[in-house]
Amino acid sequence: MSSVAVLTQESFNEHRSGLVAEQAGDEEAPAYKDAFPPLPEKAASPEGTQEPVNAWTSKIRPLKSSVITQVFHVPLEERKYKDINQFGEGDQAKVCVDIMHKTGAHLELSMAKDQGLSIMVSGKLDAVMKARKEIVSRLQTQASATVAIPKEHHRFVIGKNGEKLQELELKTATKIQIPRPDDPSNHIKISGTKEGLEKAKHEILLISAEQDKRAVERVNIDKVFHPFITGAYNKLVADMMQETGARINVPPPSVNKTEIVITGEKEQVALAVAMIKKIYEGKKNATTIAVEVKKSQHKYVIGPKGNTLQEILEKTGVSVEIPPPDSNSETVILRGEPDRLGQALTEVYAKANSYTVSSVVAPSWLHRFIIGKKGQNLAKITQQMPKVHIEFTEGEDKITLEGPTKDMQMVQSQMEAIVTDLVSRMDYLEISVDPRFHRHLIGKGGANINRIKDLHKVSVRIPPDNEKSHLIRIEGDPQGVQEASKELLELASRMENERTKDLIIEQRFHRAIIGQKGEKIKDVRDKFPEVIINFPDPAAKSDIVQLRGPRNEVEKCSKFMAKMVADMVENGFFLSVPIFKQFHKNIIGKGGANIKKIREETNTRIDLPAENSNSEMIVITGKKENCEAARIRILSIQKELANITEMEVSIPSKLHNSLIGSKGRFVRSIMEECGGVHIHFPTEGSGIDTVTIRGPAEEVEKAKKQLLSLSFRFLLFQQAGSFSLINPPPPRASSSPAPPAEAAVQENGEANGEMVEEPAAPVDPTAPKKCDVIVLSGRKERCEAAVEALKALVPVTTEVEVPFELHRYIIGQKGSGIRKMMDEFEVNIQVPAPELQSDIISITGLANHLDRAKEGLLERVKELTAEQEDRSLRSFKLTITVDPKYHPKIIGRKGAIITNIRTEHDVNIQFPDKNDDNQDQITITGYEHKATAARDAIQAIVDELEEMISEDITLDARVHARIIGARGKGIRKIMDEFKVDLRFPQPGAADPNQVFVTGRPELVDEAIDHLLNLEEEYVSTLVEVLQGEFTPKCSSKGFVVREAPWQTGSEKAPDMSSSEDFPSFGAPVAATNKASPWGPKRF
């Protein structure tokens, strides 16, 4: 126990003036060598290696290393990896590295002569034990065995929270599997090495043998006789337990059970049962009398924590039975010896009449003024009369007082005086204001209402929004109440004449309207000071801007802002112009002359990409016609500087998206391959077929050919038309000769050396359409080969039946799933529209791709079906009913307990919302067996919590901080040691000394005793300090020693002004042989 010395101003003054008597004056001064023992010399002592023992070395304790080293041997026949050629590498080496990473221990392997494996493990104890377990399980062949012990002994093998089982597994380096509680088997399975198996079996059989010696006996005795068995303050049952050595568990009075459980050695249990039955036999014929005591006085007979009942039992040996709180009975039964009943009855009536209940009339609206801020007014009364309880009931015009009869008169007179004073100088008024205006009356951050409160010294209560009440209550000084109500009504009247208007402005314009640092919106607000402009939160993505203020001003502001938006829309047109990167500096011009001139003449904003950017796009913003003019001027600069050609190609607009490709991959690859040409497609949906290509002439031509070739392939793919081989039509009569075959090949390319050309218009109306026919000319065998090659390019469609409910999973989020399949198999997959409810999915593509695509789709269907079944199994749901007061305990600190249950059982556990009707229902979702296991885990926690009791004790508030400790270290230590929960009162609590202890009955009692001992210790220390028992000792002579070097010899005391005796840091020191009072110099 630490002590604190308090030096008061008076004692300090006395000390300085020399008036305080020196208590240590007569004591002999210590010797210099005792006060300053010499340091050990480096030189060896004459005796040899033994070092001199002195005051310094004798106090040094040897430090014990926290790192240990153990060697494990694995015989050749038990080695899992027996390949000698791969020693130090291969799977065995990988396992060792993994063990080191997992446990933090260091492993060294060596091979013995018998080809056995020696492993040296170094590290901290827990790391070495974990590494040993891993070595046995992963480097040594495993054997298994079973051991049968009674089912009721299994829990002792597991231990509390599985600690005993973990210890056994680490100690024996085995894996022990114990059957679940619902499994009828009593066999425990052990796997590991032969040596480990024998150790584990031995340990388990020892635990079982120890439990065989123990017995459990249950004795049913009527609840009314339990007090005689426990005795007053449980002294009798404690004596019996000490005498017999057995554990006796008597259910507490609050639990309606008659069964008394005795556990321990068989002989001890038998002795305890005999003693209990003997007490019962002696008391079962005891006399009883019934008396009537007012229900309100029962608690005084019971006393705090039942102490009064225990006191009566101790004094008279009579048990007093009080009806439960939920009963309307007023009958109290006394049970005991006839000659002691009279004394007990007198005690009961004395306790019942020791407290009085009365009331003081006080308007309910005055209650909070009577209580005062943080209970300050009541604290003055309760500190003087701590046993008096003052209760305020909401909505009632009275205050209930309860306490000892002798104190009640004084408290009642004080309360009546406070009420009379407040009634004489306080008033209240209720005004009606539309709830729509309440938040405006409050103001931003409560600015308006706080100003009114401070100005008029009143309290204003505005009902919350969910009450939808019109009444605002004002309380305080009568004059202040009238002035505050007048001001509030004026504000409300002004708001009724206001108008609120919602403007629809696209969110993209909001930042432009507000301006940098709010400069633009500030100008608008200055122009319309009476209008409040509210923009929505950017995260809400709302287009509504709210205006509120006088009707006329709101209209003017609305028109002004609409004009601002119209100007922004008109000037908000933009277009991107691709310009080769090397020409950007020419467009800017020297000192920005060119770009500045274009901006001014076209009245546009022109943004160029950063110099280190790869982008070639120049963005022009402004009115549409101005942007077009600026674009033409910029392009003209590029044309002047380089041989840039612009070509237009006509390609059907329906093919544009296919040519661009996913994220532009097709068109980008063409542009990169053709020397960075620019390909511009018209706006989607415009119906324009013209595609513009810009760049060097030869590269533009190359890009054109690639675009036309690619478009032809996509056209074939989309049409999937039929192809026919027909003879070419006879040539028309003409004076000009037919062109040679070689000339026709140049347009469409070659296929197997044959010419391919578009067919002439059919003469026969029944013949195929021109668009469906391709004519091949050439030798018959080559034409047939060309036909087969063309047919191989014709897309084929097949249908696959897939359940409709799986379609959305096949499509995937934003079509990602189906796109992936189409890219992988190079086909087109068509899923029917949802409204058709069809199971048929169409796959279109080349014949050699269809089979792979179909297999891939069916494989995906299998996966989805399996996932659906698994999802169905995982969606098993069950509920467990748990009292809401236990919910925080199940959740644990920062959710630790519930997170552990969720992780261990792989389930989702949902607690009810605050507004839920079923507050006691906890929902568990997951696989059925895992959900059941999670429910059992929660139920086990609840069962443990239900066995707990909660008791309140009175601890002096002055010692709370000492008990709690720095950052709660002290209280956590107590809670961990006694396995209880402690709750200290919050600041401003009605009873600052009340502390609640929750836990098992026996642990709660132990914790309370410990807390009371701490309180006694801390309070006694505090009292001693306050009474000034500790006086600071101080000597005016300073610190004195005898036999100092400068006193015994010719040496002088060190000169503090001498640079030789006290050299400064870093200064050179002259060598000298002069001895020093401080010992030999070492520099």
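The backbone N, Cα and C atoms fix where each Cβ goes, glycine too.
Where the annotation comes from TrEMBL, it is an automatic prediction and has not been curated.
Model, not experiment: these values are computed from the prediction.
According to TrEMBL, the feature region 'Disordered' maps to 15-51, 727-754, 1046-1083. What TrEMBL lists as domain 'K Homology' is 141-209, 213-281, 285-353, 354-420, 425-493, 497-566, 571-639, 643-712, 794-862, 874-943, 947-1016. Residues or ranges marked as compositional bias 'Pro residues' in TrEMBL: 727-740.
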Best-contacting stretch, by C-beta pairs under 8 Å, relative to the domain 'K Homology' (285-353) and drawn from 425-493, 571-639, 643-712, 874-943, 947-1016: 947-1016
Whole-number mean of pLDDT values that fall within the domain 'K Homology' (285-353): 86
Residue counts (helix, strand, coil, in that order) that DSSP gives for the domain 'K Homology' (141-209): 37 helix, 15 strand, 17 coil
Contact call for the domain 'K Homology' (354-420) and the domain 'K Homology' (874-943): at least 3 Cβ pairs under 8 Å, seq gap 6+: no
Most Cβ pairs under 8 Å with the domain 'K Homology' (213-281), selected from 497-566, 571-639, 874-943, 947-1016: 947-1016
Helix-strand-coil residue split for the domain 'K Homology' (643-712), DSSP-based: 36 helix, 17 strand, 17 coil
